[in-house]
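Peer 1: Not my notes, these are from TrEMBL:
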type: TRANSMEM; residues: 109-127; note: transmembrane segment
type: BINDING; residues: Gly115, Ala117, Val118, Asn122, Ser371, Asn403, Leu468; note: Na(+) binding site
type: TRANSMEM; residues: 139-160; note: transmembrane segment
type: TRANSMEM; residues: 181-208; note: transmembrane segment
type: DISULFID; residues: Cys220-Cys229; note: disulfide bond
type: TRANSMEM; residues: 288-309; note: transmembrane segment
type: TRANSMEM; residues: 321-348; note: transmembrane segment
type: TRANSMEM; residues: 368-385; note: transmembrane segment
type: TRANSMEM; residues: 397-422; note: transmembrane segment
type: TRANSMEM; residues: 456-477; note: transmembrane segment
type: TRANSMEM; residues: 498-524; note: transmembrane segment
type: TRANSMEM; residues: 530-550; note: transmembrane segment
type: TRANSMEM; residues: 570-593; note: transmembrane segment
type: TRANSMEM; residues: 605-630; note: transmembrane segment
Amino acid sequence: MSGGDTRAAIARPGMAVAHGPVAPSSPGQVTLLPVQRSFFLPHFSRATPSISLAESALKVWHEAYNSGLLPQLMAQHSLAMAQNGAVPSEATKRDQNLKRGNWGNQIEFVLTSVGYAVGLGNVWRFPYLCYRNGGGAFMFPYFIMLIFCGIPLFFMELSFGQFASQGCLGVWRISPMFKGVGYGMMVVSTYIGIYYNVVICIAFYYFFSSMTHVLPWAYCNNPWNTRDCAGVLDASNLTNGSRPATLPSNLSHLLNHSLQRTSPSEEYWRLYVLKLSDDIGNFGEVRLPLLGCLGVSWVVVFLCLIRGVKSSGKVVYFTATFPYVVLTILFVRGVTLEGAFTGIMYYLTPQWDKILEAKVWGDAASQIFYSLGCAWGGLITMASYNKFHNNCYRDSVIISITNCATSVYAGFVIFSILGFMASHLGVDVSRVADHGPGLAFVAYPEALTLLPISPLWSLLFFFMLILLGLGTQFCLLETLVTAIVDEVGNEWILRKKTYVTLGVAVAGFLLGIPLTSQAGIYWLLLMDNYAASFSLVVISCIMCVAIMYIYGHRNYFQDIQMMLGFPPPLFFQICWRFVSPAIIFFILVFTVIQYQPITYNHYQYPGWAVAIGFLMALSSVLCIPLYAMFRLCRTDGDTLLQRLKNATKPSRDWGPALLEHRTGRYAPTIIPSPDDGFEVQPLHPDKAQIPIVGSNGSSRLQDSRI
């Protein structure tokens, strides 16, 4: 090794002599404090071709050890590290974790997390839940659940991933027997990632279909329309696309007397886009236009994640912010329409009597839990790419409040347009309100046909849906890729991470093909209702118990204090130990009590399909006991109790990923090897003795290759 290479190795943090008396102030520059100069400079000045700089550095270690000045050198080194940006106030932009990488800056993490949490459910589920559960009265239990359950769980997952710098599998070094929780998160993310991209592909299809002078779902004169079709636009306006001043009397009669009527947007969705079959078991043909759009969706996701968080972190500057631009444009347009105020009042008017119903509180808790993306593994994964001292407490509050505020804001956008549509048709708002795919692909597109230049508004709306979906899909795919790469952990797979991403994307595309068939919407809703329902609640509850009661709340609070510089506030300590687990258990009980067999419009799912849904839900939960039994069988111990204790205690490599952060009880007493997952940089191939400082402050010599 040349002298220049040796200097670079000595100056780099996270190496085998990470506690040595040098620290970098900038690339290629070494800062020496007074005590350090007295040892380093004489030896460095005597370095010759026969006495290398590395050998001179070793002599410094021995002299410091023999003279009793090693603790002073260590203190000077800590000060040098502080001056050179290795503490929470670090000013440099270098990556701390050279193996895994970090976010380019903290804005990228916040925007990615906002894009992950703010998804399609904020637009097509929350407004419907709000008006169904008492309008403005629903806001009270909603924000109560946000404060006592949503933000604490969000903070727990962010701090968990950031402290260990590992994905949803690697973090369970904290208690290896519970690693099945991480596998359960992977299974849930797999299910959601498969069907979520199918929803995005349908949004792509509608987006492309909107690139026309007249929207194809505006009128009933298309080949796929039936005799029951009754459009809200007069056929005479086909050429100019404007809405009529008055509603045709026969159509008004049909609407007001609740006779059979299907809108052109509903028939376009059911008979043209989906070509819906009559049963979930009747797959029919694969809809080639949807299959093509599914391919486009996966290609976009792969290209945005081709370099991991380095590339996706740049994309989210657009995907996480532009939906708010579109929401604002649609809101301004919506509130200027006739009847918009009626729709907004229908959305906000409180019905205080409903606040005493358990169902309202259950819906509020469930919406908070599912909307924030807890127990999916995505929050842990995204936080694992943070700098170690990042203030994830601040981030969790900002992201959680932004998510909930977006839901409320989206309600104004949705109900202003639906109020206009209800006023135009002369019916109550409840007659046109819907949720899920029915809102996104039937009710809202139909309302847009009433606006002048309707294709423009349609393009904006579906482009917004695409961006909302992609923000969540990025994190779902990165969760799976990061878990695989961290689990294998060798240099080869780190270099081939792009190919892992490609493999996961191709597998997701192939598994999504059945959802583009004529029975695809049945399977999509089945996965949405069962794959990510009560299983998430069980996973989150076990995670809280494992961290707070198996690992120990005092240990975890000390970890957070070491990472952030302050312990978690008392409110969060109480919530993590008592309140949040109780609310999670309440959600689980509520989900079981309120369970109803799944339906789609008037179609009742057969028993075998419901059984498949329960198997999907159980597949993620069963990972936990199955892996626990596997771990117990592989753990040393003479008795079952001894094995149980050994399987639940933290593994020796649990803690901060980088040596410079492993202080206190995590301070290494031996030089770690590269297999331990730490940053270790070789200095010299020969074997030498170096002094090692133990966690108790004692020093000793240790044989090691440095």
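A Cβ is built for glycine as well, from the same backbone N, Cα and C atoms used for every other residue.
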Peer 1: Neighbourhood of the Na(+) site (Gly115, Ala117, Val118, Asn122, Ser371, Asn403, Leu468): other residues with Cβ within 8 Å of the Cβ centroid, in order?
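Peer 2: Everything else in range on the chain: Val114, Tyr116, Gly119, Gly121, Thr406, Ser407, Gly471, Thr472.
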Peer 1: By Cβ distance under 8 Å, which residues at least 6 away from the ends of the transmembrane segment (368-385) in the same chain are close to it?
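Peer 2: Here the qualifying positions are 97, 100-103, 109, 112-113, 116-117, 119, 121-122, 125-126, 142, 145-146, 149-150, 153-154, 157-162, 164-168, 170-171, 182, 185-186, 188-189, 192, 309, 392, 400, 403-404, 407, 472, 475-476, 478-479, 482-483, 532, 536-537, 539-540, 543, 584, 587.
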Peer 1: Under a criterion of three or more Cβ pairs within a distance under 8 Å and sequence separation of at least 6, are the transmembrane segment (321-348) and the transmembrane segment (288-309) in contact?
Peer 2: no
Peer 1: Out of Ala117, Val118, Cys220, Leu468, which of the recorded positions has the smallest number of neighbouring Cβ atoms within 10 Å?
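Peer 2: Among the recorded positions Ala117, Val118, Cys220, Leu468, the lowest count of other Cβ atoms within 10 Å belongs to Cys220.
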Peer 1: Select the range from 139-160, 288-309, 530-550, 570-593 that forms the most Cβ-Cβ pairs under 8 Å with the transmembrane segment (397-422).
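Peer 2: The stretch I would name here is 139-160.
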Peer 1: May I ask which of the stretches 288-309, 530-550, 570-593, 605-630 has the most CB pairs under 8 A with the transmembrane segment (181-208)?
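Peer 2: That would be 288-309.
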Peer 1: Based on Cα distances to Cys220 (disulfide bond), point out the closest of the binding-site residues Gly115, Ser371, Asn403, Leu468.
Peer 2: Leu468
Peer 1: Measuring Cα to Cα, how many Å separate Gly115 (Na(+) binding site) from Cys229 (disulfide bond)?
Peer 2: 38
Peer 1: Please report, as numbers and ranges, the same-chain residues at least 6 past the borders of the transmembrane segment (570-593) whose CB is under 8 Å from any CB of it.
Peer 2: 145, 148-149, 152-153, 155-156, 358-359, 361-362, 365-366, 369, 533-534, 537-538, 540-541, 544-545, 547-548, 553, 557
Peer 1: Please report, as numbers and ranges, the same-chain residues at least 6 past the borders of the transmembrane segment (605-630) whose CB is under 8 Å from any CB of it.
Peer 2: 177-181, 183-185, 187-188, 191, 279-281, 522, 526-527, 529-531, 533-535, 538-539, 542, 597-599, 647
Peer 1: So if I exclude everything within five residues of the ends of the transmembrane segment (498-524), which remaining residues of that chain have a CB under 8 angstroms from its CBs? That is, six or more out.
Peer 2: 193-195, 197-199, 201, 274-277, 279-287, 290-291, 294-295, 298, 301-302, 305-308, 437, 477, 480-481, 484-485, 600, 603, 605, 609
Peer 1: Taking just the CA atoms, what is the gap between Asn403 (Na(+) binding site) and Cys229 (disulfide bond) in Å?
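Peer 2: So the alpha carbons of Asn403 (Na(+) binding site) and Cys229 (disulfide bond) sit roughly 38 Å from each other.
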Peer 1: Other than its close neighbours in sequence, what residues sit by the transmembrane segment (109-127), given a CB gap under 8 Å and a spacing of at least six beyond its ends?
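Peer 2: Sequence-distant neighbours of the transmembrane segment (109-127): 103, 196, 199, 309, 312-313, 316-317, 319-321, 323, 347, 367, 370-373, 378-379, 382-383, 385-386, 390, 395, 398-400, 402-403, 406-408, 410-411, 413-415, 435-437, 439-440, 464-465, 468-472, 474-475.
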Peer 1: Return the residues near Asn122 (Na(+) binding site), defined as same-chain residues 6+ apart in sequence whose C-beta is under 8 angstroms from its C-beta, sorted by sequence, else 'none'.
Peer 2: Ser371, Asn403, Thr406, Ser407, Ala410, Leu468
Peer 1: Quick one: Cα separation, Val118 (Na(+) binding site) versus Cys229 (disulfide bond), in Å?
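Peer 2: That separation, Cα to Cα, works out to 35 Å.
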Peer 1: Taking the Cβ of Cys229 (disulfide bond) as reference, which residues of that chain separated by at least 6 in sequence fall under 8 Å from it?
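Peer 2: Expected: Cys220, Thr262, Ser263, Pro264, Glu267.
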